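In what follows, a single structure is set out as structure tokens and then discussed.
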Amino acid sequence: MSYPQAPSKFVNPDEIIPLSPPTKPPFAQYAASPLPATPHTPYSPPSPSRLSETIPLRPYLSLLPRILLTFFSPCLLPMILTIAHLIQNRSSTASLATSLKSSVLSACSGLAKGAASIKTLPRYLAMQTNQEAIRATQASILAIGTMLMDAITIIEVVVNFIVDTYRSLLLCTIELAVRGTLEILISAVQTISDAVTDTLNSVRSNIQDDIGDANDIIQTAVSAINRVTTLVNLNISVPEFSIPALSFLQNVTIPTTFEDGLITLNSSLPTLTDLKKKMDEIIDTPFEALISEINSTRLEMAASFNSSILSVPSLSSLSANSAKDLSNDLCSDLDTSLIDDTAKALHKLSSIAIGLMFLLLFLIWAALAVWEWRKWKLMKDTVDAVNEEWDRDGKSDAWRMVAIVEHPVLERYSGTFLGKIAKMPRTRTNLRWFLSYLAHPTCLALLFISLFGFLSIQFQLVALNALKAHAQSSANSTVTASTNSLVTKLNAAALNSSQEYADSYNEAIAGYQDRINNELFGSWVNTTAITLNSTLVEFYDEVEKALNASFGGTILYNPINTFMYCILGSKITNLEKGLTWISEHAFVDLPTFPSDILLLSNDSMNEIATPIAAAAVGSGDGGDDDDGVVGTLISHFESALKVERTFYGIMLGVWLALFLIGLAVVIWNSGGRENFMALRGVPSSSSPPGYGPPESKHPRWKAWLTNNHPIYDSYAEKQFRGTTPTNCLESYTHADVPNVNNGNDDHEKSFFKMRDSHAAGPFGSHATSAVRSTIASLAAPGQSFLKLSGRKLTDTTTPYDDKVPLAPVQTSEKYSRDHANSPFPRPSSESSESSAAQPFWVDKFYGAFEGVKSFFPTRSQRLGAALARKASQRTEGSFGASQVPTARTPGHDWIGGHQCPPEKKAEPEWSMVDPRMLGRALEDDKGRYPRVLPPSEMAAANYNPHPVYPRPMSRAPTLGEGMVIPSTTSHPDPFQDMPPLPPKHKRASMDYVEEYESSHSRSSREDSRHGGVTSPASSSVSYFAAEPQLVSASKVQVGVAQKGGQATRALAEIVKELQEKRERKDPFGDDYERGL
């Protein structure tokens, strides 16, 4: 059975230097060399082929499975769901359109049934109309009869008046003619009697002739009257005048008998009274008979005109077949095109949206595939870099690896971006956390689902609003056309019944109209008017004949004839014209019904049909509740979209809530907690135990005056004045020194820490390392002053202050370099009091003034220093050029036993630097110059403090060996060569935090990266690890007690460097600040 071979370690061919020895220990551990770096050649050996090897599965997903899973990425799932919703809405819209058309047809069928009822409406309208028509017609017949009777009565009176006028005129004419003539004759006889006798003969003959003529006239008149009275069977006889012989007149005078005869004739003329009575009877009898006949006729006609002669429409239109036929007629061509057009527009809108969503889905999937490939490549390169760094540094950080695996792209590209927008490491760390929070799959899925869904629904609503506006604009014309169609069809359905009814009614009215014209007006016109006209004409003819017979041939004929025409002839002529007009217009025209008598008017039909048409296609007024089935269709589609938009809006609101929560967390951890605690006056509890602000009895702005401030280091380095005891440590508990390469450091640059190029060698920059150390020590008072005044260069504490608490050892320094890292309570600097309550500006100003004033020793301090110098004595324990021992005060100079000084007012005193570097143990059995153990060994060996002599302020000790303090930098041995950095062309840093910002100046940070070579007065790292030691007169051995290699420098360089340090100006002067 063969076991799979473990895959060989992959070697990047770009990192192989051809023609160079193999990288084996110890060369692989060295990064510093006096020679320049060996250049890379373009030659790269080919990598071994792996085509024949079988690649087994890994416990992680490779690129192909990741690309396969992008089909169901959280970015694509919302689009797939949205497409499914669009398809479902499209199908539901089509089905809804079909159901709405069915609803319209059903409504039309209901309208047909209603129209069938409307079709029967003429029957009931005809019945009511018949009643009113009968009543009106009967009243008209009675009124016409009454009018005729009144007219006949009037005509009768007028005819009587005319006949009486004619009669009286005739009698007056006769009276005038006969009596006048007789009067003339009588007068003439009397005249003739007085005349000559001879003329009597002629007179007698004339008289006889005249009498004969008069007899003829009378007889003629009587004959004419008798012709008139024959109508009433009346005959008038007038005797004739006898013609006398008048023989006696011959030769006789006129006798009186002639005159008497004339007078008798005159008195015997007729008066025509009988004629008047006969004329009245002739006229009155026919008129009375005519009035009676008209009256009876009108009553009989009015009574016979009733509902029996008028027909009404039948109820046969209520049958089912008629309703079905009417439904087919009304609904066969009903306009439902607007519903179809709207459904097609919605379907087209949904199809376009679905197509665009599919296209967008494909594009996003392609982008996700490219993104996944890029993320996989970046993660693979990052893992390779992390593996190389772990192999080189021997450290690991699993949480950094988690961040890389979760968000490799953020880890790769966020460092540069965050470095531009945020200068504080804590802010960059918080922003990196915020980006990881937002890039979590849950947040991403929620964002993409809500955002894509909301935008797609909103775009559809915008298009739907345009479609809705178009549908509303065309609704008015559709409603008008539908209403006109329905009105026309409804009127056509009722027109037949109305036509039948109107025809039957008009026929009945025509029959009665004929009866009225023939029976009422016909008898009167034919009987009365014509007869009366004939009678008048005949009467006037007879009168003329009588006048002609009486006065014809006489001088009175023409005047009498003219007189008769004026009085009687013109009246008879006008009466004839009147009777002729009555005969021509003696008829009536009764009103008839039109064919649409039973149809509703257009306004009424519109009132009936408009709500039905509006229910089918909408009223077109744009109202929310009156859009008809088209509005229902659009509202259904719109309501479904609005519900989905609300759902996606809620999801987007949830994502915004999560965004605000994450932003609040970032703000809270970026200074919000400290500001909140400061406002409440409560100290922040976020600092680690033992690193919070101390409970000091002095004001906070005077804290730097205590014996724990690095200002005393500068004074001790410039003016050495003996020793005073440090604070008593009653009990000591060993504090483990943690690994200086702590990978979980919050202020670490990235998941791997790129070293500075100067840190590769044991000394870095040979000419400037000590200078930078001294600059860092001199900058410490300025830093403290800025902290004191409430201003600080950075709010980030150094890793040496926060993460590397060293074990306290005995020292005679006023301020030990281990004090900042002590696990015991200490006065907190401004960097550790960021969350404490800020002082008022008055306190700040007063503290700053007092702090500047305290930079310089007071007069009492200078006098005390002078007295101390005079009190010093030389002993054999002294060394160096001065041979001045330390001024001792029993119980105060040495640490040990139970001697603890009482609390004193903080005053500046001069002390030496840390005595652990080089000191002389006077009471040790192992010799004058015993070897001082490291701190860890001193703590484990029950180290007892021993008195030592302080050394002068000389950088060149007199011993060839001495105590070496372990380095507190990120590497155990500052002289050990570090592995080479990764090539720049392979990858860039995945950092999201820029280079570490300490609370000290820029020079102090640079010194911390160069093996920890700093000034003894610096409180951050150890200077003594690289302290030069005298070996011979011309050489100085450096780093004797280190495990790594060693190096030497010329003594002249050391002396020159020390001389530069001595000649350096006051660190508190302006020149020094300009030099920085």
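Glycine too: its Cβ is placed from the backbone N, Cα and C atoms.
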Notebook entry, point to check: Going by Swiss-Prot, do Arg66 and Gly672 end up on one side of the membrane?
Noted result: no
Item checked: Listed residues Asn89, Asn235, with the one flagged N-linked glycosylation site by Swiss-Prot -> Asn235
Check: In Swiss-Prot, which of 1-31, 187-217, 249-279 is labelled region 'Disordered'?
Finding: 1-31
Item checked: Sparsest Cβ surroundings (other CB atoms within 10 Å) among the glycosylation sites Asn533, Asn548 -> Asn548
Next item on the list: Rank 351-371, 433-455, 647-667 by Cβ pairs under 8 Å to the transmembrane segment (67-87) and hand me the top one.
Entry: 351-371
Checklist line | Nearest of the glycosylation sites (Asn496, Asn533, Asn602) to Asn306 (N-linked glycosylation site) - Cα to Cα | finding: Asn496
Margin query: At a 10 Å cut-off from the C-beta of Asn306 (N-linked glycosylation site), count the other C-beta atoms across all protein chains.
Written below: 13
Checklist line | All-chain count of other Cβ atoms within 10 Å of Asn496 (N-linked glycosylation site) | finding: 14
Next item on the list: Output, ordered by sequence, the same-chain residues six or more apart from Asn235 (N-linked glycosylation site) with a CB under 8 Å from its CB, or 'none'.
Entry: Asn226, Thr229
Checklist line | Tertiary contacts of the transmembrane segment (351-371), as residues 6+ beyond its ends and Cβ separation under 8 Å | finding: 67, 70-71, 73, 75-76, 79-80, 82-83, 86-87, 90, 409, 456, 459-460, 463
Notebook entry, point to check: Given the glycosylation sites Asn295, Asn602, which one is most crowded in terms of C-beta atoms within 10 angstroms?
Noted result: Asn295
Note to self: Roughly how many Å lie between the Cα atoms of Asn533 (N-linked glycosylation site) and Asn496 (N-linked glycosylation site), rounded to a whole value?
What the structure shows: 51
